[in-house]
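Here's the structure, in structure tokens; my notes come after.
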Amino acid sequence: MKSQKIGSMILLIGILLAIFNFAYSDDDIERFSINPEKPISFTSDQPGFPTSADFPIGSILANSFYSFGGDVNYFQLNISLMEEFSKDGNTGSQATWNQYTSVPVSPISSAVTANRVYTMSIGSLNRVKKGDITSMESTDFLNDEKYSSLVTTLNGGVSYGDDVFFLSSKSATGEAVLIHINDTATGTFGTSSYDEILLDAAINDPSSITVDSKLGLAFIGDSDGDILVFNMTLKAKIAIYSNSSIANLRSSGVVDEERQLLYICGQAGGMNSYITQVDIFHYSATDITLLHSFTILGSLCPSAGIDVKGGQLFFSTTTSSGSQLIGTDTSGGNTGSLSENIANTQSVAISVDSITKTISVFYPDSVFYGTFKSICPSDCSGHGECNYGTCVCDHNYQGQGCEEELCLTLNNCTGTDNGKCENGFCYCSSEWEGAQCEIRRCKDSCNGYGTCNTANYTCVCDSAHMGETCNELVPPPPCTYYTDSESCLSRTTCGWCEVDGLCKEGDRYGPFEGFCRTWFFDTNVETGVIALACIFIAFVGILYIIDIGTTVPIDIKRAKDYAEENKSGQFPKATHEEASVLWWRDQRSHKAWTFMDQFQLISLVSHIGVVFPSRFISFTEYLDWSNLGIPLPPSINPPQIWSVPTDWTSNTARTILSMAQYENSLGSGDLYLLPNILFWFGLLLGVFLVPLLLAYAIISFMESLIHWKEVVTNRLIHVLVRILTFGYIGVLIAASFAMVTPLHDYRIIIPGAIIFVLYGIGLPIAIWFLLAVPEARLHNPTFKQRFGCLYVHYKPKTDHRFVVFMFIKRFIMAVIIGILSFKPMTNYPLTGTDLAVPIVQVVVIDIALIGYAVLLFIRKPYFDHYQLWLEYLLTAINIVTVSLSLTHIKSPSAAGELIACLIQALALVACIAAYVVAWLQMRSSFIKKVKKYLCCCCKSSKSSGEIDLSKK
């Protein structure tokens, strides 16, 4: 019972494997061994095919197929000529088909010896000599009691030398019997010409017989799936194999005599099943052993063939849709099926030619002929033989498909260490050369940068190279090796410190170690940058001189007015022209400060955490506007030294500059940024306020100049408001950065927080409440002189506090730059925090600018419409400039920098143009004289032109 369960499980697994195998092989015919491009089928309705041919049985011997047809005609087919006749489809040549004679009764089985063809029919045994149609002999054993009850097995005839065997069984008991005839026996052919050999009782109803002609063994299968091994020389049994997984008859089999392997079919799952199991046995003269089993699709496996060289099996089976030819390798793999041009009846025999790779399948009324592919890679490329799926290459080839030609004629590349043979050519190693890799050389021939010392085959490199093969550059000497600026600046990582007269490692911002005030990098003189700095300083200087120069007469006039007020008790009322001049002067002054504000925005944009050229920040070696947004000297001497690792191969001609990077460029630690900014802010306050304070102190002791005291007081407050407004962005950025510095040191966080609250938040709030006064107060001369710079350019009744919104815009931009300052590396493209920070900064700044522009459009706060349109233009340009920062995220963008520079140049030109327009609008006697002079010149030129025309 247990063995039956095991057998059933094995059968079930085999069925599933067969279904899976064919589910994939039917659609992939290229995997099948049969070549589908050349299948030819010859049928009885084709020209030349024997009209009476009908092959229910047949035998193959010496490349010929012998068969007796249903009309008892005997035919012989020369298989070797099938290729020639497959070309034109004509099989009618007598060299191919030979009809010899007729037999009295339709045969059931046949066998062929060297001299005769034997057939066995119901009740008779027949033989005929090859080529002699008159030699038919028959014997009738129906009346012979000994043989009358025999049932002959279909296609159960075989031959071994001169012995012929027909497989039969007794009708009553099913016992297996072999009818034996010796072809060389003399005498009359009759009942005495053959004898009966009873087989083992375990074999019932024999169904197939397969012969190994080399060892003289016959493998007899029965209807129960058992196999008897029979020695045809000794006429004796050797062994019996019983397989519990096969419970139905054994059909055809085929043997590989060289390897002593038997491949035999067995019906799996019952007679009506379409699954056939193929068992693989290894046998000897004394034993038989099961090695492996696999399943194929189909039933009634009547014939099989084998390619004994390549290792392919062919089976003819039947399915519900008709007959098919199945090909596999000897393990059951690489399976495929072919049904095209296949007859719908059971096959009689299969002939396989391993040399020509052709296969012939014989059916009762047709012959299938085709070629099959080799299962060896590339059919061994024509340079070897396929041996059971493995190439046995010729002596001068190697590889799985014998595709690689050995270098036997090249002395095999003079050894495995000298080179490698590839397809008949030697590819030498780096230390050998020549057709056979027989010539020694230096490794890689020193890469062309040295000579070979043949004493020990080592490279002697030139002065610029080093290494075993001279493939490495000699590292440059340290920067300190260079003693003049020209040679120093020729190195990409060296800079020249003019003060010390030393060459040091660094970048555009200064040396990596220490500090240098006069630092040159890349070139000694940056002409374009210095020219830009000179233009900026010239413009700022001119505007400052104009502002100061026009202030002195106004202050003198106001001092007289204060003196008059002290005498009469009433401040003198200004004339219409004086009021107009003062109003337009205020508008002109505001446009000058707008010009300065635009420069500050460029500085602020330069602190966004993306790559900008260093010259965009450092005007010259002497000026840097990262301090307060104006060109000031880079820094004071630092209190400590800061250093970074050096890299001979780095080139920092382009450098990231956030506030953190700027702090690094100062040559100090995180504690130094805020004090440095405050130093310049304090210095700026001192430069302007100290002289005024001294003047105030002196005037206080002079009774005759007491009316000047009010003027100086007003000017002190006015200058203080201007400086607080100007320094707002720079100081607030530094304070914001100080609060988030990685040091988390109270010495920098607390001062930063105090400045942030008092200056960053407190100043706009103080201005809001300061300007919350009646309109009459706004026109008061004293109040106006002190705080007029905050509101005189706005509409006094409705928008005089609009300046607070300007401070809110500056507050947002400064804080987002300061708190998001970080120390990124110059790696592209930017990722992670390096990518997020500039995006956030740009988005927030753009939102602040857009919000400010919306307020401008809604309120239209300016009296001067030129100023309003200037603000519109500058806001649009600044939004674009800030957004262009993002063009540097993936890589430094020259186009982004160029566009930013061009539109900022346009913005500065617009500021200057608005300044000139405001000046021309002043209704003063001086301006009138200038206009009158210009008009006279124009009239004179026009008159001269008219005279010239008349003369012509």
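Glycine is treated like the rest: Cβ placed from N, Cα and C.
The membrane topology recorded in Swiss-Prot places Asn447 on the same side as Lys890.
Swiss-Prot lists a disulfide bond between Cys461 and one candidate from Cys446, Cys470; that candidate is Cys470. Checked against Swiss-Prot, the residues Asn231, Asn566 yield a single entry marked N-linked glycosylation site: Asn231. According to Swiss-Prot, Cys446 forms a disulfide bond with Cys459, chosen from Cys437, Cys459. Between Cys442 and the candidates Cys437, Cys452, Swiss-Prot records the disulphide bond with Cys452. By the Cβ criterion (under 8 Å, sequence separation of 6 or more), the transmembrane segment (869-889) is not in contact with the transmembrane segment (679-699), since fewer than 3 such pairs are found.
On the backbone, the CA of Cys459 (disulfide bond) and the CA of Cys452 (disulfide bond) stand 5 Å apart. Closest to Cys470 (disulfide bond) by Cα-Cα distance, out of the disulfide-bonded residues Cys442, Cys446, Cys452, is Cys446. Across the residues of the domain 'EGF-like' (438-471), the predicted structure has a mean pLDDT of 88. Within the same chain, residues at least six positions away from Cys442 (disulfide bond) with a Cβ under 8 Å of its Cβ are Glu431, Gly450, Cys452, Asn453, Tyr457, Thr458, Cys459, Thr469. Cys452 (disulfide bond) has a Cβ environment of 16 other Cβ atoms inside 10 Å. Take the disulfide-bonded residues Cys446, Cys459, Cys461, Cys470: by the count of other Cβ atoms within 10 Å of each Cβ, the lowest one is Cys461.
Segment contact holds for the transmembrane segment (723-743) and the transmembrane segment (802-822), given three or more CB pairs below 8 angstroms at sequence separation of 6 or more. The two recorded residues, Cys461 (disulfide bond) and Cys446 (disulfide bond), show a Cα separation of 7 Å.
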